[in-house]
């Protein structure tokens, strides 16, 4: 501010002297002064280093004032030599006009000084095209010089302005933008200003968001946009803010190399280009790195979720396989128990048939006893007598029991009950066959599933398919069918045991379903009568034995079915 004041005073006084000289003489002296003034201003414009040599004191300004006064006095003396009265009159007029002009100039300078201080203008009394004066009045002189250097770098035709084609060439050639730079170029040419001067570029830089960046924002830009995070600590150490980016943009060797200590030329060039971009065209554009990071994170999360889902499905499949294996083992045990029980039932039935056959043979032999020849041995006669005695005793006991009960079943009831038992046995056999088929199909499905699980593709398909659920459901259905067959067989044994106990008839041991159908529906009276007679005669003799056999069979069957039920429920 003090330098501006000195130069204002000097220029005003110099103008006053020129005006005074012009009033005295309009000859060659005026042309000489004007040419000297033009040469001085032209020298200031051509030599930008003059701005750095303007650190003069108030005494240098005063000496310049004295030298100019002596020059004016010398001119007045030269004119005074031309003679007498006219010289005295000119000297008085010169003294009076110089004093008036000097007073007016001083008052105008003071008013301009106060007006420039009040308005806060950055360039004060500098001319619009006087960059040296303008850079000398700003605080960030290095930043201003860097902005001017960038302006010269963009101004290809050296006309003092940056037009649209020059900025377009700079974006394409220097910053290597192939596309997507229209917004940044539009932001550079603010308000469609197609000709940008140094002053406008400096004012745009002062308004820029990048100019107000803090140290943290600058280091973030260095790490993310420039991708040189190794210099973050160095920037923090030297407190590099956004205002220092123009010096980085012009690749100031003193600042970048000596102050910051960055020696790698490739890194210097990279920092310079990125700094040019943000200084001239604003904050860096989105390069898509963040979106790539989002997509990468999303894909990573999807992969993790997919792996977790596959792991869960594999674990569930293994758990289903273990459960199916357990169910199959339970079904196998139930099947074995059922087969053993069926074998025991068949064995008991064969024993009952053998007993009945022996009884019939004994009765036949008793009937044929009178016709035996006397040649039979005494031993056989004794045995027959013993058997006859036993039969008589049992017959008498049965008659006694019938007399005590005072009720005897009808003759045909035994045949109908035997026929009913055979029908139930036939239906039970059908259900058992169906349950065995379900068991066999479940076993085959389980084997197929195990074969599929042996390969990777089959394991993936079986994991994501419905085959496991279908096999599991078929196993459960087979187990339920076996349970129903077991319960029904247990209930039948108990029920027919109670019926035989109450009636004293042999129902379980019979001559078979075809014979019973022939007897009951064939209308053969002889067979029916003989069946009735044999039943009345033999029933009393077989009541005790059949009851005891049914007791043993029911107890054994009950134990077997209890074991089978426990295996089936497992």
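Each Cβ is built from the backbone N, Cα and C atoms, and glycine gets one as well.
According to Swiss-Prot, the signal peptide annotation covers 1-23.
Under the heading topological domain 'Extracellular', Swiss-Prot lists 24-294, citing sequence analysis as support.
Look at Swiss-Prot and you will find 40-71 tagged as region 'Disordered'.
What Swiss-Prot records for 212 is N-linked glycosylation site. Around the Cβ of residue 212 (N-linked glycosylation site), the same chain contributes 242, each under 8 angstroms and 6 or more positions distant in sequence.
Looking just at the domain 'SAM' (213-281), the mean pLDDT is 85. As annotated by Swiss-Prot, domain 'SAM' applies to 213-281.
Look at Swiss-Prot and you will find 295-312 tagged as transmembrane segment, backed by sequence analysis.
Annotation source Swiss-Prot lists coiled coil at 310-407 (among others), citing sequence analysis.
Taken from Swiss-Prot, the feature topological domain 'Cytoplasmic' covers 313-570, and the record attributes it to sequence analysis.
As annotated by Swiss-Prot, coiled coil applies to 420-462 (among others), with the evidence given as sequence analysis.
The annotation phosphoserine is assigned in Swiss-Prot to 539 (among others).
Look at Swiss-Prot and you will find 546 (among others) tagged as phosphoserine.
With DSSP states grouped into helix (H, G, I), strand (E, B) and coil, the domain 'SAM' (213-281) comes out at 52 helix, 0 strand, 17 coil.
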